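K.L.:
The following block contains the structure, expressed as structure tokens.
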């Protein structure tokens with residue numbers, strides 16, 4: 001690197017509980033500290049999202065972009081694309097993360113044809129690969145942007161226009177080749193326009209069949225070229241589509257099983273997407289892990305007062321603790337998963353160094369959540385709580401139900417003469433208020449040490 005883009009920022013270190021007024025530093029994330037049998041960096045595998053960090057201009061539906069970035073003076077599109085790579089790898093080094101994620105169109109400008117676009121992209125990938133050799137920086141996942149360009153107005157794999165499907169397949173082919181070049185550990189499919197605006201003019205069955213064919217083609221080509229990445233589908237219920245086909249984890253799992261994709265694909269789950277679907281982040285992770293389909297996580301949060309996808313940096317300790325408890329229960333985020341910060345500063349946080357503060361709060365939030373989740377797991381607090389709640393299935397009629405020896409006739413004989421008073425007396429109170437109070441206590445106590 002010839003220029004220092006992020007001036008005034010040194011490499012960010014773990015400072016523990018020093019006064020945060022001392023500047024940039026991690027209070028809870030100590031990357032090489034071993035907790036729960038693994039280094040924190042291996043539990044969390046943090047990644048920086050190229051699009052939000054280096055391309056995002058902080059626009060919103062009511063105003064122009066406010067972002068001030070150290071490469072804004074560069075006007076030539078290819079010169080700017082190459083300069084962003086320098087700025088990005090300086091950022092990764094100073095932040096101390098091990099992974100990055102990107103869309104193909106984050107990196108280089110499009111040409112008039114796909115051939116020209118691929119040529120531009122390859123020049124940037126050459127530079128990224130050189131930096132990888134120098135730094136050891138890895139790619140958690142890459143993906144293809146098939147939602148921004150007007151050609152994808154009605155979707156890519158689900159477009160009613162066969163030419164658009166063909167173009168999307170050709171674009172994805174090159175994206176998979178790039179994934180192999182950079183050693184991406186996963187490949188993500190997020191279909192923002194793979195859905196519909198109105199059912200009146202939509203053949204929903206046909207569109208979903210086309211999407212499944214597209215995913216099978218992608219996996220087949222990855223196998224053909226030796227690109228051994230975990231394939232991931234990312235659910236989202238809406239926006240920009242009125243209704244997106246991969247609405248949430250459960251819907252996407254059903255789709256995967258319907259079209260025989262569940263052997264090769266897992267899920268990449270995002271906090272804000274979970275909220276838009278009417279779920280907690282923990283719910284979505286639980287659904288995926290219990291189906292053995294948890295692949296990776298996008299770390300961000302929504303705003304309860306705002307009904308759209310705002311991709312805010314995560315700062316909710318309670319939600320992060322719940323998410324990391326599911327990860328601890330799973331043993332890892334996924335076979336090759338990590339925590340990618342699909343997050344951006346607020347429009348009013350436009351200074352370049354706000355990008356560091358945003359990532360620091362996100363990193364510390366999930367590191368804190370991991371510490372609390374491991375402490376709860378170590379104490380067996382939730383395991384005992386759940387075991388006690390379902391203890392009636394350990395003996396008597398409950399054991400018969402579990403063993404599969406009970407049927408409606410035997411259960412009728414057991415229940416038909418039981419008085420209501422006996423049933424009510426056998427029902428235990430769920431002390432949810434006590435549970436939440438205890439979780440608050442774990443958060444406060446664990447993070448105070």
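The backbone N, Cα and C atoms fix where each Cβ goes, glycine too.
Given the structure is predicted, the values throughout are model-derived calculations rather than measurements.
What Swiss-Prot lists as active site is 103, 106. The annotation Mg(2+) 1 binding site is assigned in Swiss-Prot to 234, 270, 298, 342 on the grounds of similarity to another entry. The annotation Mg(2+) 2 binding site is assigned in Swiss-Prot to 270, 273, 309, 311 on the grounds of similarity to another entry.
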K.L.:
Near residue 273 (Mg(2+) 2 binding site) in space, meaning Cα within 10 angstroms, which of the recorded positions do we find among 103, 106, 234, 342?
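P.N.:
Those near residue 273 (Mg(2+) 2 binding site) - Cα within 10 Å - are 234, in sequence order.
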K.L.:
Drop a 10 Å sphere on every Cβ of the recorded positions 103, 273 and tell me which sphere holds the fewest other Cβ atoms.
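P.N.:
The recorded positions 103, 273 were compared, and 103 has the fewest Cβ atoms within 10 Å.
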K.L.:
Residue 103 (active site) to residue 342 (Mg(2+) 1 binding site): how many Å between their Cα atoms?
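P.N.:
Here the two Cα atoms lie 12 Å apart.
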K.L.:
Given the recorded Mg(2+) 2 site (270, 273, 309, 311), which additional residues of the same chain have their Cβ within 8 Å of the Cβ centre, ordered by sequence?
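P.N.:
Neighbours found: 236, 271, 272, 276, 298, 300, 302, 310, 342.
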K.L.:
Pick out which of the recorded positions 106, 234, 298 has the most other Cβ atoms within 10 Å of its own Cβ.
P.N.:
298
K.L.:
Per DSSP, residue 298 (Mg(2+) 1 binding site) is which: helix, strand or coil?
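P.N.:
Strand, per DSSP.
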K.L.:
Tell me the Cβ contacts of residue 309 (Mg(2+) 2 binding site) under 8 Å, same chain only and six or more apart in sequence, or just say none.
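P.N.:
Sequence-distant Cβ neighbours: 236, 239, 272, 273, 276, 302.
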K.L.:
Can you give me the Cα-Cα distance between residue 234 (Mg(2+) 1 binding site) and residue 311 (Mg(2+) 2 binding site) in Å, rounded to a whole number?
P.N.:
15
